[in-house]
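Written below as structure tokens is the structure these notes are about.
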Amino acid sequence: MDAMAVTMTIIAYLLGSISSAVLICRVLRLPDPRGVGSNNPGATNVLRIGGKGAAAAVLLCDMLKGTIPVWSAYYLGIEPVLLGVIAIAACLGHMYPLFFHFQGGKGVATALGAIAPIGLDLTGMIMATWLLVAILFRYSSLAALVTVLLAPMYTWMIKPQYTLPVGMLCCLIVLRHHQNIRRLFTGEEPKIGEKKLQMPKSQ
């Protein structure tokens, strides 16, 4: 890995470490998403506690955390496998943010943002899959899992040279969802839009 790739990997992690959900909730004077609802600082939990506008803002910012470093690295001519490493770094920053006590989200939106520079056709297929599963079953985590399992196949169909880095990224997302997988099997996973909240954790 050359110096440019190393630099972009570090930048990707630091950018990913900016928790959009926590910052937007602070600005809007909403509860800390790490202490209410699903305790996950992501768009789905912010939807529960703050509504569609706040959730949309979080979704956009989280996607940009993946898009900006990967697109920049692509523009600089960094090879596909290393683009995957940079994408993973952005997602790791989101999952384990340096600036927020390593309490982060699941990385789905950031991963989507990281994949987006490959092409709008691939991005559209991924978003359509997530929306279809989410509408049918109303589980954000299930939609994410189905989508990331299919994403490498979609990539192989459209731009096969990026299949390995996308596959690496998708494996990380599946591992991060291990608790959601358990709750799906036990019937304890909250559905999209549920308003039932836990009391905020004491500081």
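The chain as shown is numbered from 1 upward.
Glycine is treated like the rest: Cβ placed from N, Cα and C.
Here Swiss-Prot gives transmembrane segment for one range in the set 117-137, 180-200: that range is 117-137. Within its own chain, the transmembrane segment (4-24) has Cβ neighbours under 8 Å at 30, 32-34, 41-43, 45-46, 50, 54, 57-58, 61-62, 65-66, 68-70, 72-73, 76, 78, 82, 85-87, 89-100, 104-105, 110, counting only residues six or more beyond its boundaries.
Note on the transmembrane segment (117-137): residues 67, 70-71, 74, 143-144, 146-147, 150-151, 154-155, 158-159, 162, 166, 192 of its chain, located 6 or more positions outside it, place their CB under 8 angstroms from a CB of the stretch.
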